[in-house]
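One structure is given below, encoded as structure tokens.
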Amino acid sequence: MEWLEIAVTTPGEWVEAVSNIFIELGTGGVAIEDPALFSLYLQGAEDEVALDPSSLPREPVVKAYLPVDENLDVRVATLKRRLFALAGEDVFNIRTRRVMEEDWARAWRDYYKPVPVGRRLVIKPAWEEYPALPGQVVIEMDPGMAFGSGTHPTTQLCLTLMEDILSGGEVVVDVGTGSGVLTIAAALLGARRVVAIDNDPVAVSAARDNVKLNRVQDKVEVLCNNLLDGVAITADVVVANIVADVIIRLIPQAVGILKPEGLFIASGIIRGRERDVVGALENHGFKIVDRRCRGEWYALVARGGCRP
């Protein structure tokens, strides 16, 4: 299958707005290349990382992929119209190229290596050998065409929070699962049941494959669905690693499925939008019980919530 890669170079303050436009166009997710985040990664890297700094973008780049089909021209035109309505034609640099699904999936292997997260978790590419240490929880991943390798700060914030929160036996709902890394982590950390949801069929397929790869299909269900529309379940934890505007839309739905003392983990919140998400959570009866950040990104844990 052929895809159109769209790369939008943008000032940092527009990253989330650009991401929202992509998601509303049905891309299923975005990849963000941020030089500031890479610098933060280098500060915490234990091993030497060989990379020419000149290869990094000077400003953030938001990438997404659209299928090459009869709707492509209309969707690209809509994207450009909405971007230029945000801040004018001179603010964004838009580049496109066509890629084959097989080439994209193969490209992951060039740089995707085992990544330790938190106290026990290790995210390991399926094709890499990794001698696990005693007590480590190893998550095997092959993202393929789906978003979610586990290396982005927002994902790592979620993983460390889940490691602290899950004690075993919980029902967890992962909204916007992407490649399924958070879902698999929840299952391996002891959740009794995990429901993974994404509106992108490519992500759903990748998540199902990764669930099988980690042998947790007996406790995981992966659904192709729009947020929590029509989902009937009672959950201990809802986790959503998506952008702020989508989290805000999700909050009233999360209230409807969470137990009275249930927890809502929200990540993917860029600096400047944290107050908006906190306000929306508090307006629905949630109490913020944990707040963490890495670079420009925030994650929140909220307890409770009042049904309307």
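Glycine too: its Cβ is placed from the backbone N, Cα and C atoms.
Now, the feature entries from TrEMBL:
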- T155, G176, D198, N241: S-adenosyl-L-methionine binding site (BINDING)
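Here the features listed in TrEMBL are painted onto the structure.
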residue : record                               : Cβ neighbours (10 Å)
T155    : S-adenosyl-L-methionine binding site : 26
G176    : S-adenosyl-L-methionine binding site : 27
D198    : S-adenosyl-L-methionine binding site : 31
N241    : S-adenosyl-L-methionine binding site : 29
Across the record's S-adenosyl-L-methionine-binding residues T155, G176, D198, N241, the largest CA-CA distance in angstrom?
15
Three states by DSSP: which one describes N241 (S-adenosyl-L-methionine binding site)?
strand
Going by DSSP, is G176 (S-adenosyl-L-methionine binding site) sitting in a helix, a strand, or coil?
coil
According to DSSP, which of helix, strand or coil covers T155 (S-adenosyl-L-methionine binding site)?
helix
